[in-house]
Structure formats: structure tokens, C-alpha cells
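Taken verbatim from Swiss-Prot:
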BINDING   17-24, 85-89, 139-142  GTP binding site
DOMAIN    8-277  domain 'tr-type G'
């Protein structure tokens, strides 16, 4: 098999949604229909022994939410599917943003009762900015929901893209009878049953004009007929080019927990979602079928196996072929990386990997050698772009009750900081570490993980700072003068990038006015490369 052939078989996509829209359930069912698992864990059935395959962290199992991004690979219809299940909770949008830089398409899950919610909209804006193709699944049609025409209108207005229904619901809630497949001109009949976890055949009706069918489904079928006639006349034809440019989104209706509508989504992902495309590096554009390997670290996860205190760097392969044992270099440091124990994933479960290709997500055991946004190559000097770090919006101080555990605290914070789910700042003056995050839940997760994974009872308390900006200058001398003059407000992040801390936005404005030679940044990229100044 050639590299080009293998690349064309790849489909790499993320599932995004607002919390509780059914994203993790849909992930489970996609794995079920692809044959990757045989029983789907129910996200709500927390009292049972089953947990969702993609919710593996202890706190996720307790609370029933996804707070870490999971990666799963499976084969279906001669395609290799890399599926990334992202955190649904809004506090973890930074991790989700980085995951979205590693995919070629997105599957958006919408709760049919709530429509497009705030978190969904933020993530979709990221997809739109990157022109990522989006397939939409409107979930929970077996419950009382909004009118489908209203949902379609809202999706179109808020996303600013054409909505192309591929299926249309016949009824909803207790009167949900199924969906009409507009492409294949047939109706798929819904059968309820939340306990069904095995794949089942869906009953299909091809002749909707049969009087017996009209009598069976009554007014719901007639209403669906009228709505289908309306949308068929109003919606444009599906256009693959427009879809790939992020200008059209195919829409499916269904009920993930009942396995209904999942098969059609999976088939469409294989048929319409793009294979891996080119990737931008500072030096040039990288094509996926190039012979030489290149990849970028978009996520680091500590303690996937708490017994081994391991750290895995998740790498999106951007070009070429990975072969077990090959020599790879970290462009930032020039250091070699061992590749004899590289793995592929089914969530927490891992398998040693022999080969992989552009589009695949591989896991490299990491003991501090790799950082977020690191580029790996066979020797070429490349740096991929577009993996951001955001200035925290909430700060907390951290202390421990037992000073003898301070070494474990520093180790735990260093490793959790490497993941990017929390940012750890070391003050220029003093020794008390600062934790920075974009949401409150992140601190809860960190204290929980410090206790259960590192044996550290940590206390966190609000810090006096509320804002942070990374600072740069034209010359090292100018930057050092600024640091010396503001020493009590300076801290350093995980890559020693200097940061100016403030309690109020006015303090940043005053500093900008007094120091015209200093630039203040809301975001930074790899190893301190800055972009987007404060605004």
C-alpha cells in the first residue's frame, strides 16, 4: 500500500457539543456500529459497572461529564476512522480548541429540545475560522423537543451556513415514529428501548403513499410530508465543495441512546468527510502524502494509567508514514524521541503501534521531553502553527497541609500543567505557585487529581490577580527593565515566558501607556511565540 492510498483511507474528526447534548453517548454508539466495541456503556447508568468508553478519568465516571479529550481509532468500510471525543464542559474549551486543530472535520451534536447553545456556538466559531467541514446530528428526538423547522432556522442563522437536511423527523417525543431519508427516499422506523445496546436492524418503509402507512402514523406523517415539501423547495442542493469549505452542513435527526440515526451519520462521515489535507508550518505548507514523517503534539495527558504515573503525548501525524523504531527529532530541542513504545488508542485502552499514516493520532510516552505544540520530524526543521495558549481568566493560590509532600505537589502541578488543562505560574518574587484557568471546574479537577493520582491534599484559594498578559519587547534589555520595575507582578509559565499579572484591566492599560516598548499578549503559541495583542 502506498502512503497516498493510506492517507486517502483516513477520516479524522472531533465530536463537539454543549454539555448534556448526548455527545459521549453518540461516541459510544459510533464505536458500536463500527464494530469497535460490543456493548455501549450508558453515560447515565453510573450505578452500573459500565461507564462510557470515552469517559475514563475517575472524576468523569463520578460526575458523568467529559473533562479530558479521548482519542479512539476504528476501521469501518475500508476506512480508518480517528474519532476525538472532546470535553463538553465550558471550562475545558481551551483543550477542546487544541483538539480541533488536529482534525479534518467535526460532528456537531445538538439537543433537539435546546437548539444551538453557547458552548456549541463558541466551538463552531473555531471550526468556521478554520473552514472545518461540519456534519450536524440533532439528538434526543424521542423526547419532547422544539419544532424541527425552528431548529433548522436557528442552526442556519447562528452558524451562518446553509443547512441541508439529509433526514427529517416524523413526529417527536412519545409520537416519534422515525425519520424520512431525503437522499434515498425512504422512511426508517423508530423503535424505542433504552436498554438496547446491541446493533439492531432498522425497519424501512419505501412506499409512504400506502394508505396503511398513513393510517399507522397519522397526522405526524402528514406534517412531516408538508415540512419536507417546504424544505425541499427552500434548501439548496447539497454541494460537496461547499461542504468541504465549511459553507454547508448536512443535518441528521435521531436518538443516539436508542441507536437510531447513528448508522447514517457514520456512513456519511466515511463518504463525505475529507481525508487529511495539507498543514501550515512557518517554513512551508506540508502535504500529507510526503514521504517524510512530520507530526505535532496537540495534547499531553498525565496518568492515563495511574499505577505507572505515565504521560502520553498525543501526536497528529501531518505527513508521511510512522514506523515503529524510526528515529524522530523534537525540532524545538533537537532531542531524539524513542518510538519503540508508541501506541494507538481506544480511549484508555492502548495497543503498540507498528505503522501509522498522516491523519492518524498516535501516543508517545513522554517523560518531559515533549511539550504541547512540539513538532516531530525525521530531521527537517519545521514548526507547525495554530496551537494556542490562552491567558487565564481566574487565578488561585495553592498550598498543602503537609509540607513533606511539597515535592509531590510540584511534580503533580508540573505534569498537569504540561497537559494544558491548568496553567502553573512561578512568581518572580516569592515561592507560592499560582494556578491559572479559564473556568472554575478546572481547579476542582486539579485538586481531585492531585489527591487521587499524586497523594497530595491541596488547598486552593482565590488569588489577588484576575488578569494575565504575556509580555515581549524588541530587545532583551527593555524586557528586563520592565520585569525589574514590576517584579511583584511578574510570573513565569511552564516555558518560562514572562507574564504580567493584574487585578483590574485598568492596571494593564496604565502599564501599556507607561511602557510603549512592551507588548502585552492575550495568547501565545509554541515556546513563547506570540500572537494577538491585548484588547
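In case you wondered, yes, glycine gets a Cβ from its N, Cα and C as well.
When the binding-site residues 17, 20, 23, 141 are compared by the number of other C-beta atoms lying within 10 angstroms of their own C-beta, 20 comes out lowest.
In the three-state DSSP assignment, the secondary structure recorded for residue 17 (GTP binding site) is strand.
If you draw a 10 Å sphere around the CB of residue 86 (GTP binding site), it holds 27 other CB atoms from the protein chains shown.
Confidence over the domain 'tr-type G' (8-277), given as mean pLDDT on the 0 to 100 scale, stands at 81.
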